[in-house]
């Protein structure tokens, strides 16, 4: 093992945060210094040249001053027996650079701590601050890291001797292995193995436990029910299926695959043909939808828990039918009170928690980063979601107890597209090859299905830790590229059948694969790719290593599939063959035995069916005491409640523009305020049809009324999607995610009541189907605190996600109030017809009360009538702004609309009944719309005719003021800016804790500027003019290489932009260059695309660049291309970072900077203003002086020059192409207008001759106007950024 010292690991502010944490923990630490240490396992020694090459590869990242280490060494590495994602990707880079002697690279962090003598307890506290024991260990010395590369002999399986010891043996194994088997399941297993006349092996028991866990089998939803002594006719699942039986319209697949599928629009799907040339393919683009939860792992270790939750849901989408394409995602979190240090709120008590789970604050600081990072690296925009905090001592169905979310809800979901012929799974032919696609097996994530099926605290701490997985999104991206290549082949798609690998690992995935196709399988254990030879058969077969799929391919198509995998560098292995007999055999060639030899019917067939015999409990809770509430204090509390408050800290960490198909993300208007009701995507680059997603959840209401909570969740999801052009309820489908503390008094009967309310009543009445969903039935946390038993039990929690087909995405209405549209009126639409129920409201919560009566949707017809009228108004473009009433009531609805429009309001509530608090803060179903003053009366009449009460409540004012009156009486008045400051303080506090606090402060101060102009556009050209048209008419399309490396994810939208400009866009993978299949000699242009090549390990774009510089063939190809006078090249984001590291072979680029970690030290996804500078770039001809917004999505965009003189030389060269500017057109120096902290706002630069340009922002994602988060009304189909690509076409001639 070679030990290679690296760069400092922590910036100054990260060291400061660590020192503050030590101080808060009363640790006598005076100084901490940290640096990376690289560990190289070698097959044979390196020569001097190879060593120098390896050291060069391992030199990356920003230039932070290092110094001689002093103090006690604490060396943190990944846990032995695991391989970190960093390791696999860094090793890939080394191999692609020709360093075949490097068996594996790994990285640790060496902390050097100067401190007084620490007690054993203090040492434990310090180690807890420096590493995550879920995924890391603390080693005493560098040499001890040899354990990371240790290779042990394979372990054997063990048997449980039930034949001799009977039931007791299985009961002991049940506890030891964490199987969570019920008594009747133990009886079932004993009966079957006695019949088979043999003892079960541990691997068989684990496989059975995972496949039959509540997590996988949904026993409660399939159970027989008796409630209050009365036998119920339907199971929960049958009531959900009732929605499909009543309204099967437009549903193509439900209840049987990894995701549901609904009929989509016909549009031009854009992808490369087998020859690599991108083309449009006009066909139905059906919509798949899925929403998952990953609650248990997120409670234990939030970052990997949320990351793998997102990754698993993405795999579900990709493994639908015979392979499909994930498109856009969503996320949601529900946790107990945050108790932000220095910002603890009056309603946030301190009830404690078990040691094995993290705090709600830690979940929300780390979990969203994990989910966002996976989506970012995979290349899926996350464009809607929700966040709720709730933890309260309440009187509910079970008397007075603490209800909350110590076991959090972590929601991951999304939609995708699938070809018509691939919606249904194919036939697995006898003899078909059964394949695992993706990364290797590792000894992680054991027993996750069973563990997540237990209440937090029931399993042992070791088993909790074992059930957490690790994420590698770049590997999943490679697998998805393989799936894409397969479905793009249409009729010749080699995939017959596909499933993702999730809970239970291969032990669940392979049996499910063959069983669903009425086949059996013969498998060879040693064919499973594994980087840990010492694993037992149980560990190999049952681990939940991520980023894996199982699929079947006919033998005659195996070579075709293998070639696709080789090009995409996606590992795969043939593990077995399909058999006619439905029997499962797993052979172990190492020990020459069969760890599994079972009929599939024992594993999956007739396990005992659950019965639930439960009683109903009624909640008794006093009414909210309004007498003690002062309105101004209520406003302050409501606006700082995380459920209501600004959620920027959850949004800007996630890429919202990748694919170039996002029409509506969370950020609204020129001031980019996060208040959007729904997410909208375009079907394709050549259409205006699309898809929409929205969410609805009102979980605290279930503490008063289960029925109301469910009805309100469905209604809210509809209200949130109503501002899009959908047309009919039948074009909306719902996902229902049910969370419940099953077995808790009153909760089982309440769950049945809630399912019945929407499955038998509401949804059938509306004509809406629920074709997909998920349940999590163990939402309770139990622990002992100094001899006292404590529990925190969640409310029954239904999270609804609505998916809709959009007819015209241009007609979507947002909450942005328009002060530039002439006289207008605000109409309040009340579907409750004047009721003001405050039970379960945010107002009650912030005063530590629950209230007595929950709001509900009393009349289904009101929602149906509202939607009908609203859809007609949207289609007619008669509504200027729209926002629903929900958490925080009418007051929140109004101020959020004012924030988005940067306008004042004059409101009169005289026509509304109730107290001031009731009128402003009730959360009955409703909405506010802004319409033309001339049309207001007629529009109001349309709603009234459908039974919806409509109030004219006022309009806009130019002053920075929110005035709310009751006739002549002033109810409330304050400046909009003061309210925005309150609303944004929660996100500021979270950002300051998590990110660079200086950046957080600058953003918070910007939000307090009443006169901030927002995004302002100034164009020096007509974007509708097609300067390339004369050249396109010549009929010859110049060839553009759309270059990607493994992990790149922005190539399709780049190809579409160049295709529109008249180029022949061709898909070129780096493996094509390295293998010699393709030469750059064929191309007039090259574009290096954005994404996460090699997951950005070894520096963003640096690994990609070094794989070119250290490979003779690649270096020659690129050198010749750049030296050719007629060639042009563009590098965007990751491609920009990569090309900046090729300066030595790009003429005229000597003055280019490197691009390193953003000043915020956070991935930044923003819609930022840039201005085109005077420069020679061929791409910016005729655009100089133009100021336009553009998508920004990167973690390493800060320009780094060698010194101040190098920056001055670059400025003097005249090659600066783009700068970030503020709304006044001045160079942006403050965050987030300058999102990465680059000197002088620099974000684009070109060579001295202008042929090669690199830039960090993404013009390819916004070349269509509809793909911009905001744009002026007068823009046509093409945004101004389309001019860049047309300029390139003009240059080629």
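Every residue, even glycine, has its Cβ placed from backbone N, Cα and C.
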Worksheet item: Which of 665, 677, 761 shares the Mg(2+) site with 716, 720, 884 per Swiss-Prot?
Response: 677
Worksheet, complete the sentence: Which range of 267-286, 287-306, 307-326, 327-346 is region 'Disordered' in Swiss-Prot? It is 307-326
Discussion item. Give me the sequence-ordered set of same-chain residues, not including 677, 716, 720, 884, with a C-beta within 8 angstroms of the centroid of the Mg(2+) site's C-beta atoms.
Written reply: 678, 694, 696, 717, 718, 719, 721, 722, 883, 886, 927
Worksheet item: How many Å lie between the Cα of residue 720 (Mg(2+) binding site) and the Cα of residue 384 (ATP binding site)?
Response: 11
Worksheet item: Quick one: what's DSSP say for residue 676 (ATP binding site), helix, strand or coil?
Response: coil
Fill in: binding-site residues (308, 720), the one with most neighbouring Cβ atoms at 10 Å
308
Practice prompt. Using Cβ-Cβ distances, find the residues under 8 Å from residue 1258 (active site) that belong to the same chain and are at least 6 apart in sequence, listing them in sequence order.
Written response: 657, 1050, 1090, 1132, 1133, 1190, 1191, 1192, 1193
Worksheet entry | Greatest C-beta neighbour count within 10 angstroms, which of the binding-site residues 677, 884 | 677
Worksheet, complete the sentence: Looking only at the recorded positions 716, 884, 1260, residue 676 (ATP binding site) has its closest CA neighbour at 884
Worksheet entry | Pairwise Cα distance for residue 884 (Mg(2+) binding site)/residue 384 (ATP binding site) [Å, integer] | 15
Worksheet item: Across the domain 'Glutamine amidotransferase type-1' (1040-1293), what is the average pLDDT of the model, as a whole number?
Response: 97
Discussion item. Let me spell it out: for each of the recorded positions (716, 1260), count the other Cβ atoms within 10 Å of that residue's Cβ, using every protein chain shown. Which one has the most?
Written reply: 1260
Item to complete: With H, G and I counted as helix, E and B as strand and the rest as coil, say where DSSP puts residue 720 (Mg(2+) binding site).
Response: helix
Fill in: Winner by Cβ contact number (other Cβ atoms within 10 Å) across the recorded positions 314, 676, 1133
1133
Worksheet item: So, by DSSP, how many helix, strand and coil residues make up the region 'Disordered' (307-326)?
Response: 12 helix, 2 strand, 6 coil
